[in-house]
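Enquirer: When I checked Swiss-Prot for this same protein, it listed these features:
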BINDING   Cys68, Cys71, Cys97, Cys100  Zn(2+) binding site
Amino acid sequence: MVDIVKRRDWEKKEKKKIAIERIDTLFTLAERVARYSPDLAKRYVELALEIQKKAKVKIPRKWKRRYCKRCHTFLIPGVNARVRLRTKRMPHVVITCLECGYIMRYPYLREVKQKRKKAT
């Protein structure tokens, strides 16, 4: 009985590991293709999101901010995305998708705090 439970746990972990590898591969392909074929890059992102939902895994942090949450376009700063730093209230990065106009805000307070600690 214990062996069956261990095997199930191992299978779940293995499936999640494979899913994360595939997601990473799809995002890497999207990054390569995005400049000359944005539609194909968008399809790669959509496939990665489908895998993520099916396998119930999180998208790796390095890819999470590289696509538009609304239209699933792979974002390239200066081409189809505008990136701005804002310091009012709480310091944050503003990424605007130039395809659909969606605005994403990400705080960077943690980085500012680390910088202050190093300065003192």
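Backbone N, Cα and C atoms are what each Cβ position is placed from, and that goes for glycine too.
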Enquirer: Taking the Cβ of each of the binding-site residues and counting other Cβ atoms inside 10 Å, which one has the highest number: Cys71, Cys97?
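Expert: By the 10 Å Cβ neighbour count, Cys97 comes out on top.
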Enquirer: Rank the binding-site residues Cys68, Cys100 by the number of other Cβ atoms within 10 Å of each Cβ and report the first-ranked residue.
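Expert: Compared across Cys68, Cys100, the most Cβ atoms within 10 Å surround Cys68.
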Enquirer: On the three-state reduction of DSSP, what should I expect for Cys97 (Zn(2+) binding site)?
Expert: strand
Enquirer: Would you list, in sequence order, the residues of this chain other than Cys68, Cys71, Cys97, Cys100 that have their CB within 8 A of the centroid of the site's CB atoms, where the site is the one recorded for Zn(2+)?
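Expert: Nearby residues not in the site list: Lys69, Arg70, His72, Thr73, Glu99, Gly101, Tyr102.
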